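Report on the following structure.
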Amino acid sequence: METASTPEATGTGKYIASTQRPDGTWRKQRRVKEGYVPQEEVPVYENKYVKFFKSKPELPPGLSPEATTPVTPSRPEGGETGLSKTAKRNLKRKEKRRQQQEKEAEALSRTLDKVSLGDTAQIPSALQGPQATPLAASDPSDSAATTEKAKKIKNLRKKLRQVEELQQRIQAGEVSQPSREQLEKLARRRVLEEELEDLELGL
């Protein structure tokens, strides 16, 4: 791309020669007044702070650019990078604890495989010690399942109550022409009762 050349003096004034645009088209030659500066050559205004920071060196005084090359840190001997001794010790403790829990869980599963459901009185005394904690840990999941069942029971009772109310309204004559959904609700009553019975027996 050709850039705008400086205005050329002719007999009647100055001209800016024709130039090529970035897209390949040509600008016409233009006649300009005395003292005209093309837009591309006008310096961009910079306030004093911008000028100060541009003139300011990036490095502190007296520091050579060679001294600022980044240094790659050497890896510490214990595989974890950047950890203190205490943090490494804590990691080792956690790892040992995790391995211990895995061993306890394996031992518990082996003893549970050996013991049948009918022989609950013959559970080894080894389970009474530290291995009783995995059983206690499973209690929250059991309680979550129990609360889930309780919610389902409550929901089913609510649906049954709605079905009974609908049936009473139909019998009282409040609803003369029940809609299709209402009839489906009435038809589902037996299924809801059976499901409620199953859940209550499961608790």
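Glycine is treated like the rest: Cβ placed from N, Cα and C.
Feature annotation (Swiss-Prot): of 46-81, 82-117, the stretch labelled coiled coil is 82-117. Using a 10 Å Cβ-Cβ cutoff, Ser64 (phosphoserine) registers 7 neighbours.
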